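See structure below.
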Amino acid sequence: MSIRDDLRSIVALRPAPPRWSIAIQAGLAIALPIALFTALGHEDLGLLASTGGFLALYLTSRSRRQRAAVLPLIGAVLLGSAAIGVLGSGAVWTSVVALLVLAAGASVLFLGFEVGPPGVLFPVLVGGVAGHLAGPIALGGSGLDGRIVLGAMVIGAVLAYLVVLLPLVLPSVRSRDSDIHDATAGPLRFRLDATTRLIVARVIIAAAIAAIIAVPLGLPRAYWVTLTVVAILQNGHRLRLTAVRAVHRVIGTLLGVGIFALVELLHPSGWVLVLVLGVLQFGIETIVLRNYGLALLLITPLALTISAQGATTPSVLIADRVVDTAVGGAIAMLVLLGSLLRRRVRAVR
């Protein structure tokens, strides 16, 4: 591909099969926890519980019967990630160590088992959000009881699991699911080949750099930096394609914070907030395979809205997000350049 093709990829839509049912499923998985807690008068807990709804985004190419067996394991990883985030929330240095542990452990598991998108992203996000919400107010956290944080996430994950499985009560869905099951049957097997080891190594190195610089820079939500490096580096080993993804990530996020600012002007709450977040997640799933950068226009306001609890003002949150994305993108590119330099040195030898 030429540089012109790389630039065109920022706005071009790649061919992809329709994902309407997956998009509806994802939108419901995010919206239902918020709707439940809003009805009970606890909208803030609904936003927290919606992070458990990310469980429904995994293994979408597999049959519902296969997902019924594997999603509880992925849910356990997500809950474990949240627990690690809560345990590490007591001090700045323990929180960044927790992020490094999450990035390293989730990379080995999700890439080794070839779980597929969204991969390592949500263990880091869930752990980061949980740690921030359970962290002391003096350190910039929200000071919530860690047990409440974990409990709300469990409820969100259970609702997401039901969203995935309940359609099987319909005979037509069971019939289609049997066809998918026959085409994709086979257990997930753990395998760390040379390519996967390279990707895992890059993610761990980048996450370690993010952990090292987060403390002296005083970044209030260090997990956003780690999220950026994970999102850029986890999906491939080719330098050029990974660099293009970094451009998509940075540009998409910068434009996405603008959309978040527009959403905040409306001050959505209650059932309007339920609708907004459900529609955002629906839109993400319809476009993410066609253009990752454009999907980030929706991913960013969704993530910012969910993680906004305890933020001083939206403007501060936006500024932090821009800085963290820029820092994470720079770290990812630094790791890529280091990998390129290492390859050239070995070629000379």
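Keep in mind that glycine also has a Cβ here, set from the backbone N, Cα and C atoms.
Pulled from TrEMBL, these are the features on record:
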DOMAIN    209-335  domain 'Integral membrane bound transporter'
TRANSMEM  20-39  transmembrane segment
TRANSMEM  45-61  transmembrane segment
TRANSMEM  68-87  transmembrane segment
TRANSMEM  93-113  transmembrane segment
TRANSMEM  120-142  transmembrane segment
TRANSMEM  148-170  transmembrane segment
TRANSMEM  199-216  transmembrane segment
TRANSMEM  269-289  transmembrane segment
TRANSMEM  296-319  transmembrane segment
TRANSMEM  325-341  transmembrane segment
In contact by Cβ distance (the transmembrane segment (296-319), the transmembrane segment (68-87); 3 or more pairs under 8 Å): no
Beyond the flanks of the transmembrane segment (93-113) by 6 or more, those residues with Cβ under 8 Å of it: 77, 81, 84-85, 87, 119-120, 123-124, 127-128, 131, 135, 188-192, 196, 199-200, 203-204, 207-208, 210-211, 214-215, 222-223, 226, 229-230, 234
Intrachain residues whose Cβ lies under 8 Å of the transmembrane segment (199-216), provided they are six or more past its termini: 92-93, 96-97, 99-100, 103-104, 107-108, 111-112, 120, 192, 222, 225-226, 229-230, 233-234, 236-237, 327-328, 331-332, 334-336, 338-339
Leading contact stretch, 20-39, 148-170, 269-289, 296-319 vs the transmembrane segment (120-142) - CB distance under 8 Å: 296-319
Distant-in-sequence neighbours of the transmembrane segment (269-289), which means Cβ under 8 A and at least six residues beyond its ends: 13-14, 16, 19-20, 22-24, 26-31, 34-35, 38, 43, 46, 50, 57, 117, 263, 295, 298-299, 301-302, 305-306
Same-chain residues near the transmembrane segment (20-39), Cβ under 8 Å, at least 6 residues beyond its ends: 45-47, 49-50, 52-57, 60, 152, 155-156, 159-160, 163-164, 270-271, 273-275, 277-286, 302
Tertiary contacts of the transmembrane segment (45-61) (same chain, 6+ residues out, Cβ under 8 Å): 19, 22, 25-26, 28-38, 67, 70-71, 74-75, 78-79, 82, 115-118, 122, 125-126, 129-130, 133, 144, 148-149, 152-161, 163-164, 184, 274, 277, 285, 305-306, 308-309
DSSP residue counts for the domain 'Integral membrane bound transporter' (209-335), split into helix, strand and coil: 103 helix, 0 strand, 24 coil
